[in-house]
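Among the features that Swiss-Prot reports, ATP binding site is placed at 158-213, with the record citing sequence analysis. Positions annotated as Mg(2+) 1 binding site by Swiss-Prot, on the basis of sequence analysis: 286, 300. Residues or ranges marked as Mg(2+) 2 binding site by Swiss-Prot on the basis of sequence analysis: 300, 302. Annotated domain 'ATP-grasp' per Swiss-Prot: 126-333, in sequence order, evidence recorded as sequence analysis.
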């Protein structure tokens, strides 16, 4: 008997179009003899589009602004065995949709409310990973009211870290709002930008040498496995929004061109982070590797990484011998497992 799957795509974050591309890939890959898949696109305005508008959005990559607020149908998820919430960033990967589906009592692919929310929030992620002893670059927290009332205190925290440093909104994806700050004179503009997007901001030290950006995929629930390690190479100062989403700006290397013992360290730390953050189903864990010193720093954990056939996460597991179709099938199976 076929399993009925509700595939959610689009969403209100800056990764709306990436989600639509991922959804097209997943729709084509789920075996039709095993699954009956119904896609629903959520517009950038948060409207849940009816079937005809959903199909148009998937075909064109552009969603309409209309549609009904079909929360009652999604919450009931009547007749569906599981939901695949293929949504990235705020209002999709941050525990919000996971809470809705949990209230509805419907199984879904990926981390639950806690794992999704904590992994999306850079402050909470760093605090949990600190407590688990997982290495990260030095960082400080600042909140908007502090910046408005006692800006010198925030500037002092930046001075403690030294320059250059990064300024990052705590709860946004796609590298949106991130600035590289080379001197104290550049700090105020970067903080103003970040605080315009989030009430909490992370100040993050830079490594003394430009690090290599390496990534590993995790698959599983309580007994997860790690993929081979991949590497991203690019000319930009950091992996910003433009580099991330402009074709040809970054190159993917699988396996990463690093010593085997470093790859094993990365895989071990990624599994530790996955468990510490109470993730489930899947995650892509990103690290900085400083070749000159041998240091390794965890950068972030993505609980719903990009999922086109050319995205890093599926490619990592393809290198492990798992085809794209087998991977998405396994994710649905994991969603249906009792946790």
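Don't overthink the numbers, they just go from 1 along the chain as shown.
Positions of Cβ are set from backbone N, Cα and C atoms, glycine also.
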For residue 172 (ATP binding site), which DSSP three-state class applies?
coil
Given the binding-site residues 186, 286, 300, which one is most crowded in terms of C-beta atoms within 10 angstroms?
286
Which of the binding-site residues 286, 300, 302 has its Cα closest in space to the Cα of residue 179 (ATP binding site)?
300
Binding-site residues 286, 300, 302 vs residue 158 (ATP binding site), shortest C-alpha separation belongs to 300
Looking at the binding-site residues 172, 186, 193, 207, 302, whose Cα is closest in space to that of residue 286 (Mg(2+) 1 binding site)?
302
Tell me, roughly as an integer, the mean pLDDT over the domain 'ATP-grasp' (126-333).
92
Tell me the Cβ contacts of residue 172 (ATP binding site) under 8 Å, same chain only and six or more apart in sequence, or just say none.
14, 89, 90, 197, 198
So of 158, 165, 193, which of the binding-site residues has the fewest other Cβ atoms within 10 Å around its own Cβ?
193
Counting other C-beta atoms within 10 angstroms, the emptiest spot among the binding-site residues 179, 207, 302 is 207
Residues satisfying Cβ distance under 8 Å from residue 200 (ATP binding site), sequence separation of at least 6:
123, 141, 142, 143, 144, 169, 170, 171
Residue 165 (ATP binding site) to residue 300 (Mg(2+) 1 binding site) - Cα separation in whole Å
17
Integer Cα-Cα distance in angstrom, residue 186 (ATP binding site) to residue 300 (Mg(2+) 1 binding site):
25
If H, G and I count as helix, E and B as strand, and all else as coil, what does DSSP give for residue 207 (ATP binding site)?
coil
Residue 302 (Mg(2+) 2 binding site), DSSP three-state class -> strand
Could you tell me the C-alpha distance between residue 207 (ATP binding site) and residue 300 (Mg(2+) 1 binding site) in angstrom, no decimals?
16
